[in-house]
Amino acid sequence: MTTDAPEVVGEIAALRERLGAARAAGARIALVPTMGALHDGHLALVDRARELADVVVVSIFVNPLQFGAGEDLDRYPRTLDADVAALASRGVDLVFAPTAREMYPRGDVSTRITAGPVGDRYEGSSRPGHFDGMLTVVAKLLHIAMPDVALFGRKDAQQVFLVERMVADLDVPTVIEVVETVREDDGLALSSRNRFLDEPHRRAALALSEALRAASDAAAEGLAEALAEAAAAFGDHDDAELDYFVIVDPATLLPVADDFRGEALALVAARVGGTRLIDNAPLTL
Ligand code: PAF
């Protein structure tokens with residue numbers, strides 16, 4: 001484990017060379033894929049990676065393929081120097097920070113991973129093509145780094161579901177490790193996009209976690225009651241515009257039936273000011 005600044009590598013060949021040597025020496029490799037603008041949620045992934053592997057690689061790449069026209073690709077925060085400084089104190093060995101040209105030398109790809117029907121729901125419904133682009137870059141990163149384990153945050157529940165499906169469907173020999181969402185004291189899930197929120201919008205953003213808590217508290221009374229309580233809690237925040245609040249079966253990510261009883265997952269997305277936020281929580285109906 002290192003405590004120095006990680007080596008920053010921009011080229012695929014250079015990363016492969018470093019990791020090939022480590023692998024040949026018997027090292028176990030962990031990959032933490034990120035788009036940078038790191039916060040404590042990312043650092044929790046890194047800390048878990050450190051426990052699981054000898055060599056920890058963090059990729060920092062704002063992947064154009066997963067942003068649609070009119071989304072926030074251009075304004076997505078890019079803070080590489082601060083990110084590398086934050087990772088230095090966590091014993092990260094390598095930061096892979098390629099350019100878009102390095103990842104997509106032909107400008108676009110003609111081969112994409114297709115997320116399937118679940119990829120068209122929820123986030124996919126508001127962001128067509130998002131999950132195909134996300135899975136395509138994750139597949140590329142897994143091929144490039146060939147890690148023993150790759151770590152993802154539970155806040156992006158649909159992303160986690162689809163990455164796990166891709167790895168299973170395509171027999172990718174990487175273990176996917178999911179790390180719990182890190183929250184502020186008042187419940188707001190950490191997100192790189194939280195930095196866009198001014199103070200009134202920061203308060204409005206609590207609509208998501210409060211709706212999730214209300215649904216969870218009412219879950220024992222059944223689906224209709226859980227959804228009604230979530231809607232009431234969300235409605236307390238005028239500046240938050242609900243995109244969806246849905247309760248799904250974690251095994252399929254499909255909405256549960258009205259009489260469903262058992263472990264379920266609530267997913268929520270909203271726009272707060274110009275910022276799109278998502279969150280989720282398990283509950284028992
Ligand atoms: O969750 C993210 O930050 C991105 O979707 C990921 C997994 C790094 C792929 O670009």
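Backbone N, Cα and C atoms are what each Cβ position is placed from, and that goes for glycine too.
Note: TrEMBL annotation is automatic and uncurated.
Per TrEMBL, the features are:
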BINDING   35-42, 153-156, VAL182, 190-193  ATP binding site
ACT_SITE  HIS42  active site, proton donor
BINDING   GLN66  beta-alanine binding site
BINDING   GLN66, GLN159  (R)-pantoate binding site
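Where TrEMBL records a feature, it is marked here on the structure.
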| residue | record | DSSP class |
| --- | --- | --- |
| MET35 | ATP binding site | coil |
| GLY41 | ATP binding site | helix |
| GLN66 | beta-alanine binding site | helix |
| ARG154 | ATP binding site | coil |
| GLN159 | (R)-pantoate binding site | helix |
| VAL182 | ATP binding site | coil |
| SER192 | ATP binding site | helix |
Exercise for review: From the recorded positions listed here (MET35, HIS42, ARG154, VAL182), select those whose CB sits under 6 A from an atom of ligand 1.
Suggested key: MET35
Study note, to complete from the structure: Nearest to VAL182 (ATP binding site) by C-alpha distance, among the recorded positions HIS42, GLN66, GLN159, is HIS42
Practice item. Have a look around HIS42 (active site, proton donor) and count the other CB atoms within 10 A of its CB, chains all included. Key: 26
**Study point:** Using Cα positions only, nearest of the recorded positions to SER192 (ATP binding site) (HIS42, GLN66, GLN159)
**Key:** HIS42
Check your understanding: Sequence gap of 6 or more, C-beta under 8 Å: which same-chain residues meet both conditions with respect to LEU38 (ATP binding site)?
Key -> ILE60, THR79, ALA82, ASP83, ALA86, LEU87, SER192
Review point. If you measure GLY41 (ATP binding site) to GLN159 ((R)-pantoate binding site) at Cα, how many Å is it?
Key: 15
Exercise for review: Give me the Cα-Cα distance between MET35 (ATP binding site) and GLN159 ((R)-pantoate binding site), rounded to a whole Å.
Suggested key: 14
Check your understanding: Rounded to a whole number, how many Å is the Cα of GLN66 (beta-alanine binding site) away from the Cα of ARG154 (ATP binding site)?
Key -> 18
Practice item. To the nearest whole angstrom, state the Cα distance for the pair ARG154 (ATP binding site) and the residue listed as 'active site, proton donor'. Key: 11
Review point. Where the residue listed as 'active site, proton donor' and GLN159 ((R)-pantoate binding site) are concerned, what is their Cα separation in Å, rounded?
Key: 15
Check your understanding: Taking the Cβ of SER192 (ATP binding site) as centre, how many other Cβ atoms lie within 10 Å?
Key -> 18
Review point. How many neighbouring Cβ atoms, not counting its own, are there within 10 Å of the Cβ of MET35 (ATP binding site)?
Key: 19
